[in-house]
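Colleague: Below: one structure in structure tokens.
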Amino acid sequence: MKPEVEQELAHILLTELLAYQFASPVRWIETQDVFLKDFNTERVVEIGPSPTLAGMAQRTLKNKYESYDAALSLHREILCYSKDAKEIYYTPDPSELAAKEEPAKEEAPAPTPAASAPAPAAAAPAPVAAAAPAAAAAEIADEPVKASLLLHVLVAHKLKKSLDSIPMSKTIKDLVGGKSTVQNEILGDLGKEFGTTPEKPEETPLEELAETFQDTFSGALGKQSSSLLSRLISSKMPGGFTITVARKYLQTRWGLPSGRQDGVLLVALSNEPAARLGSEADAKAFLDSMAQKYASIVGVDLSSAASASGAAGAGAAAGAAMIDAGALEEITKDHKVLARQQLQVLARYLKMDLDNGERKFLKEKDTVAELQAQLDYLNAELGEFFVNGVATSFSRKKARTFDSSWNWAKQSLLSLYFEIIHGVLKNVDREVVSEAINIMNRSNDALIKFMEYHISNTDETKGENYQLVKTLGEQLIENCKQVLDVDPVYKDVAKPTGPKTAIDKNGNITYSEEPREKVRKLSQYVQEMALGGPITKESQPTIEEDLTRVYKAISAQADKQDISSSTRVEFEKLYSDLMKFLESSKEIDPSQTTQLAGMDVEDALDKDSTKEVASLPNKSTISKTVSSTIPRETIPFLHLRKKTPAGDWKYDRQLSSLFLDGLEKAAFNGVTFKDKYVLITGAGKGSIGAEVLQGLLQGGAKVVVTTSRFSKQVTDYYQSIYAKYGAKGSTLIVVPFNQGSKQDVEALIEFIYDTEKNGGLGWDLDAIIPFAAIPEQGIELEHIDSKSEFAHRIMLTNILRMMGCVKKQKSARGIETRPAQVILPMSPNHGTFGGDGMYSESKLSLETLFNRWHSESWANQLTVCGAIIGWTRGTGLMSANNIIAEGIEKMGVRTFSQKEMAFNLLGLLTPEVVELCQKSPVMADLNGGLQFVPELKEFTAKLRKELVETSEVRKAVSIETALEHKVVNGNSADAAYAQVEIQPRANIQLDFPELKPYKQVKQIAPAELEGLLDLERVIVVTGFAEVGPWGSARTRWEMEAFGEFSLEGCVEMAWIMGFISYHNGNLKGRPYTGWVDSKTKEPVDDKDVKAKYETSILEHSGIRLIEPELFNGYNPEKKEMIQEVIVEEDLEPFEASKETAEQFKHQHGDKVDIFEIPETGEYSVKLLKGATLYIPKALRFDRLVAGQIPTGWNAKTYGISDDIISQVDPITLFVLVSVVEAFIASGITDPYEMYKYVHVSEVGNCSGSGMGGVSALRGMFKDRFKDEPVQNDILQESFINTMSAWVNMLLISSSGPIKTPVGACATSVESVDIGVETILSGKARICIVGGYDDFQEEGSFEFGNMKATSNTLEEFEHGRTPAEMSRPATTTRNGFMEAQGAGIQIIMQADLALKMGVPIYGIVAMAATATDKIGRSVPAPGKGILTTAREHHSSVKYASPNLNMKYRKRQLVTREAQIKDWVENELEALKLEAEEIPSEDQNEFLLERTREIHNEAESQLRAAQQQWGNDFYKRDPRIAPLRGALATYGLTIDDLGVASFHGTSTKANDKNESATINEMMKHLGRSEGNPVIGVFQKFLTGHPKGAAGAWMMNGALQILNSGIIPGNRNADNVDKILEQFEYVLYPSKTLKTDGVRAVSITSFGFGQKGGQAIVVHPDYLYGAITEDRYNEYVAKVSAREKSAYKFFHNGMIYNKLFVSKEHAPYTDELEEDVYLDPLARVSKDKKSGSLTFNSKNIQSKDSYINANTIETAKMIENMTKEKVSNGGVGVDVELITSINVENDTFIERNFTPQEIEYCSAQPSVQSSFAGTWSAKEAVFKSLGVKSLGGGAALKDIEIVRVNKNAPAVELHGNAKKAAEEAGVTDVKVSISHDDLQAVAVAVSTKK
């Protein structure tokens, strides 16, 4: 047959086949059999877009004809036009053609073996070359890029994955995972690259798709790939490294032709660097690695090319090394000369001096050398330590002011109150008395009211602790009233202590401070000091000795003068009487202690400390002063000296008496320092100065204290001192200061005296205590160095300079009558110890001031008081000597504690001593007799040596004994006694709320609450979570409440931040299960996590300097902006792709030239004069700090896939994690479990955001403008509702309401409000609420422009660290601190929560939002939220009865009785209705009508509960929404314990919010003295905008369930302006209370958004349900907690906390049916174990009519069938809640013992009693006898249950008698009940 005939027949056949297929039924199986079997066709070709029929034919061949073809040796081909064009047209492969041409190219002779030998050396040097050229690599055969590689790269690039992770066997649809937008992007890119695409390419495997493209692919890169490569080169390569350069390098380095270059560049595209490469070398290295990858993909060997290139390069290098340097110089000499001449000519033309810079440089060099020489000289002369030491550190801006004693007084009281209640303080000891004194020192009217409220509301019946706190409180109130107008005093009641050194049997030396036996208080201490000791006794004769000498002299004189015997006798008698008198006289008895008028000598404090507190305000009158007890012959341990004419300072009894009497008064009655202005230096922690500072503040002084180590820790220390001791009127100002700096000394004094207007204090000093010093140890004369000189400068020179500056300031202001008393720190160490540098000289030199006071002109401005400070234990200088202090005291010397020495020094500030100083300088010896110890240094050395020797001997004996013991008893003899250290293990808990015993709940909640509320209208929080700067809600709470992480907190944070991961398997060859370090893979034990990672955790969590890696490289120090510039001259050309070049031309027109580069196909672009450029510039922005999520936080850690992470905005990831954790906190491990209880339409999402996906917005605007790669569907990620959409798509699959609030900073509270409204409206039963917002540079910059945020640079200038830059409510607050994160709560109906058994963290009693007034400022704070306290008062005398819960309960009971009657009537009426229905339909009728009656009864009851329980206050102008919300649960406005403030740390907000809360409380009649405790969470977290209210809500729930109220630890000083708000307390430390009933959360957002929510403790919900229901709920929660705990820990271990859903809980077929059946519920699939909807359960009758309904209908049906013409029927309905099973009298009166036993054993005791009671009532009604009244007992009617038989009736007593009289022979009864009611029907039969 001719070919043309065959072709024509084939055409006809094809046409007929197609016509047959279109026109006839498909009979493809038969058709296949015809051409495969009948005709044995070997080549089948399908004409179509995809191999559909071909695929079927292949399957048919495999299944049916495989053995058939093998038998006949048939080889068949199944081809498709769309993919097998080459095979169909027999097109040869290009590689085959190349292979045929190859032999022709191999005509050149093969290289001989000799070619490998080295070439002979050249006879002469080669010509000099400029550089060694890079040798070209051996070229590799070219091959165009294949479509498969191009397709592979384009898909991988779009999916942001590596080539290895994109299998070519998968389809595009599979790879995108359902992301339609990404799929569309890929298809668009493919169309742009390859032109046309086959039909449905997304469903074709990539390898098949590549083959399809290859047929029409030219091998050249298309538009898309060229554009991507151009972008890669321009954005990631270094400047000048163009695509031409890249191609040239690939050609020369690797010998790759253009096609191969395309392949390498494509591979590079799929491995794009994260950031621009820094240098050309980096770019080449990158290309090298890409070339190797390409070679491995296509199977090319690059080694030969590389070796050829390397060898040639080496040869070139060798040639270059042989160049003659001299010849090169000779050649280039003339060029250099010519260039220099041209340069000089141009300079002369431009009138420039080329040597001017050189001359200036030489001059500057000489100047620098001279300055350096001076510096070197100063360093050599003064020493490095001295030069560095004098650096200035003072700054006015860093001054910290503490003066809010009014607030700390209340805080101290509350702390004391709760410490006693919690048993921390079990009795009133010295510490409590001291705290009482501090409180009295701060007494004011507000404080007294505060105490009166708390003490009057203390319930003594709760236990001894409450009794103690009430007794102490009442005493303290009286004390404060008495001292209300009295100046504060310094009074120390601590027990004086002494040194105690002990050496145990093992030779360990221990030192401790022990109370002194005979000195129990400071008054006795003063007495001890006055008495002195043997060592201080002077060598003066006693009175007796003097009298004896007088007696002897008179006797001798009498003998000479012959005195009469009578006179002698009289004289002898007189002498004898006088001696007797001296012996018995108490006037000079040194052991006699001070006598107090009206007081016992015995220490009252040791007998009864509560009485001591009561006596504190009483001033003691001293009848006999301590000075009168000073022995004549003894010098007191403390005394004043007077200068003798000889210039010595000697003990002066009179002055000392004055001083000691003053100390005594201070010890008994305290001493005030009110209106004293004091400067003190050297008052660091653990110093004498710090104790002096405490006393000054306690006495009401205003003090400036300096510190040389200014830091947050130091300022916190001083703040804690002020908070504890600061009395009313006192002020503490802390400043950085270097006493070694002259500038600092001058600046400090100027700051103190300068006016407030100029930034100074405007003070005039009354006292200066310059105690600053540095230790000098081991420095003898030959080692005097710069440190000694610097110390001398601190301790002498600059003390004098400081005094001089004060004198200068006083003189300048004309202050002549108010001299400042300078307490000079003298020392008894006048070289006694030695080896202390210039310490002794510094102290001795201060004594010159005593003379200069008289000789110079500053006596009117300064007075001098030298204090010789004795041995003071525990200070920085003396702590090493503590162990020998006891030995020193055995010598008779008195050493001192820091408190004792501070007391001594403060005694020098008493008015008596101050007055002495104004007359003449005073020298106070506070040495304790140390100066009387001879050879002190040798003695102390001896003491130390003895201690060490004793220690060593005992240690040796101990070791010897132990060895002997082991020898005798064996090595394991002590094993049983060995100490075993239990290693802690982390156990992260979910912190489900504690569920108290029901009786305890009923003691908390009012009894009337039970059954009062419609629980479907009570909204509860069942779960909450967050992602924030401190990780999760658990870890944030640890840091907020306790200020540190627990072991569990550290483990969780380390896991969150990626420091550790869990390992279960072999590790280094051994099985290991536990945590490992994520980097090293080394095991990490739980106990080591805190020590190993906590520092890093704290550094990279919370509020900190912005970390650029978290924000796309954003560095506020280099905030990027662009500026438009017009090109003034033509620029150098650069390379670009054709497409880019054309775009430049399109924009700039004739201002740009573009030309093609023929070699590469790229374009040269040249910008001409007049073109416009946008040039980046960097701005130094001043907002450098933010609250950032922990570094290392990764959504993948929680189980979120890379696909989702790459697709969504980061804020969406925060939300997804928060929602999952909130569900886990709810005990819900599978969100589909909700659909077991509710319909899919009843789960809503009301979470929202202030700005939404700001990263997406940034991509849309900034990145897109910069033409950076941005996903095409970025728009969808910017929508604020997208986050909620992802939650639904990945987790919950609900079809309920979705509402997206946008309320700026008030979004979260608005979300709660909307969620509550959504549930109350019936649109949902469960809602996800919360808020979220991100931090990005754009928002940060704009907030900064508004001056709303904290200026970091200013904060640094003020010495603030990032952690303390958010300081709500403080004097220095200066703007809010931005943060990022998400917060979520799960809220639902209380009734549903109880049924599900989920934990209930709190009740949302109220949620509201409000706007403000007319204005022009969007962010201005307002008070619109005050409307939640709106309440009409006018002249209404009595409160609304609706506020009385008993009244409301009474109304509800009445209404319940009506409902009961209605149900009974309706059920009885059913009998008549049923008679009208055909008998075959009666059962159905009764079922439906019974259900309707039940529904209506339930509806009526809920309406009644709603009216009298939930909504009684609504629309009542006399009851504020806030008051009504609390009253719903039996609470009053006084029960609102905590207010969580929005507290942004801005001046305006904190004042406005405080005023708003204060006015609410005041208007609603909150009791005076009962402020709400303010919580300011943002001090820790910063301000996350949309998430703010959610985090506050989480914190409020944690407060409710723990009773712990976190303090605002950044509140170093509360603003004075806030003192006016009496109903708010601002604590700075955490308070552990005995319970919090309710918490308010307020939130304010830009745009007139104000919001408030009230959450109430869940105990008040439990009080509203029955005990049975509560116990059932407790069991459910317990089970749920266990499963949630297991799920959570497995999730952490395996990184599976987030488990995304792949499918909805219903099939596509059931989707519409599920939506349309509100009673559709999921059930567990037996095969898969998953929760799904089953078609059997949709529109099922069982889901509407339950078993109880069937039972009730059956009873009614039986009733209708009974023939009761001679009998009676009784129907009774009882609400379950109406039976009070707690009333024992009611139970025993109406139920028999058997009935009680039966009912009590049932799962629902109350329901069983209700059913039994209902049966009794029904029986009575069926008897038809006369009632004995509503109060008649029904015990005579007994309902008997035998086994599981139906209940029977037995009548007794009066009931039996009445039945017999009525002729009743039998009674039958039926009972049914559900959660709402019990129904009983009784039928009686008569004779």
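Here, residue 1 is simply the first one shown, and the rest follow in order.
Heads up, the Cβ atoms here are built off N, Cα and C, so glycines get one too.
Annotation source Swiss-Prot lists phosphoserine at S50, S523, S958, S1440. The compositional bias 'Basic and acidic residues' annotation in Swiss-Prot covers 98-108. Annotation comment: Swiss-Prot describes S180 as O-(pantetheine 4'-phosphoryl)serine, evidence class experimental evidence. If you look up Swiss-Prot, you'll see 1123-1657 marked as domain 'Ketosynthase family 3 (KS3)', on the strength of sequence analysis. Residues or ranges marked as Mg(2+) binding site by Swiss-Prot: D1772, V1773, E1774, S1872, H1873. Residues annotated as acetyl-CoA binding site in Swiss-Prot: 1772-1774, Y1798, S1808, 1817-1827, 1841-1844, 1871-1873.
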Colleague: Are there any residues in the same chain, six or more apart in sequence, whose C-beta is under 8 angstroms from the C-beta of S1440 (phosphoserine), and if so which?
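Modeller: Long-range Cβ contacts: D1516, R1518, I1519.
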Colleague: Can you tell me how far the Cα of E1774 (Mg(2+) binding site) sits from the Cα of A1818 (acetyl-CoA binding site), in Å?
Modeller: 10
Colleague: Take the Cβ of E1774 (Mg(2+) binding site) and count every other Cβ within 10 Å, whichever protein chain it belongs to.
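Modeller: Neighbour count, Cβ to Cβ under the 10 Å cut-off: 27.
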Colleague: Suppose the Mg(2+) site is D1772, V1773, E1774, S1872, H1873. Which further residues of the same chain have a Cβ inside 8 angstroms of that site's Cβ centroid?
Modeller: A1810, G1811, S1814, I1871, Q1877, A1878, V1879, A1880
Colleague: Determine, using Cα-Cα distances only, which of these recorded positions is closest to V1773 (Mg(2+) binding site): S180, S958, Y1798.
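Modeller: Given the candidates S180, S958, Y1798, the nearest one is Y1798.
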Colleague: C-alpha of S180 (O-(pantetheine 4'-phosphoryl)serine) to C-alpha of H1873 (Mg(2+) binding site): distance in Å?
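Modeller: The Cα atom of S180 (O-(pantetheine 4'-phosphoryl)serine) is 53 Å away from the Cα atom of H1873 (Mg(2+) binding site).
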Colleague: Which recorded positions from the set S523, A1818, S1827 come within 10 angstroms of D1772 (Mg(2+) binding site), judged by C-alpha positions?
Modeller: A1818
Colleague: Return the single residue from the recorded positions list (S180, S523, S958, S1827, N1843) that has the minimum number of other CB atoms within 10 Å.
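Modeller: Fewest other Cβ atoms within 10 Å, among the recorded positions S180, S523, S958, S1827, N1843, is found for N1843.
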Colleague: Taking Cα atoms as reference points, which of the binding-site residues Y1798, A1818, S1827, N1843 is nearest to S1872 (Mg(2+) binding site)?
Modeller: A1818
Colleague: Between 0 and 100, where does the mean pLDDT of the domain 'Ketosynthase family 3 (KS3)' (1123-1657) sit?
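Modeller: Here the predicted model's pLDDT, averaged over the domain 'Ketosynthase family 3 (KS3)' (1123-1657), is 93.
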Colleague: Round to the nearest Å and give the CA-to-CA distance linking H1873 (Mg(2+) binding site) with A1818 (acetyl-CoA binding site).
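Modeller: Approximately 14 Å lies between the Cα of H1873 (Mg(2+) binding site) and that of A1818 (acetyl-CoA binding site).
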Colleague: Quiz question: given the binding-site residues V1773, A1818, which has the greatest number of C-beta atoms lying within 10 angstroms of its own C-beta?
Modeller: A1818
Colleague: In DSSP terms, helix, strand or coil for S958 (phosphoserine)?
Modeller: helix
Colleague: According to DSSP, collapsed to three classes, what secondary structure does A1818 (acetyl-CoA binding site) have?
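Modeller: In three-state terms, A1818 (acetyl-CoA binding site) counts as helix.
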Colleague: Give me the non-local Cβ neighbours of G1824 (acetyl-CoA binding site): same chain, 6+ apart in sequence, Cβ-Cβ under 8 Å, ordered along the sequence.
Modeller: G1768, A1862, S1884
Colleague: Which residues of the same chain, at least 6 positions away in sequence, have a Cβ lying under 8 Å from the Cβ of K1821 (acetyl-CoA binding site)?
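Modeller: Spatial neighbours, sequence-distant, of K1821 (acetyl-CoA binding site): G1768, V1769, G1770, V1771, D1772, A1882.
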Colleague: Provide the three-state secondary structure of S1827 (acetyl-CoA binding site) computed with DSSP.
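Modeller: The residue in question, S1827 (acetyl-CoA binding site), is coil (DSSP, three-state).
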Colleague: At the level of the C-alpha atoms, what whole-angstrom distance separates S958 (phosphoserine) and S523 (phosphoserine)?
Modeller: 44
Colleague: What whole-number Å value do you get for the CA-CA distance of S523 (phosphoserine) and Y1798 (acetyl-CoA binding site)?
Modeller: 74
Colleague: Could you check what DSSP calls E1774 (Mg(2+) binding site) once collapsed to helix, strand or coil?
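Modeller: The three-state answer is strand.
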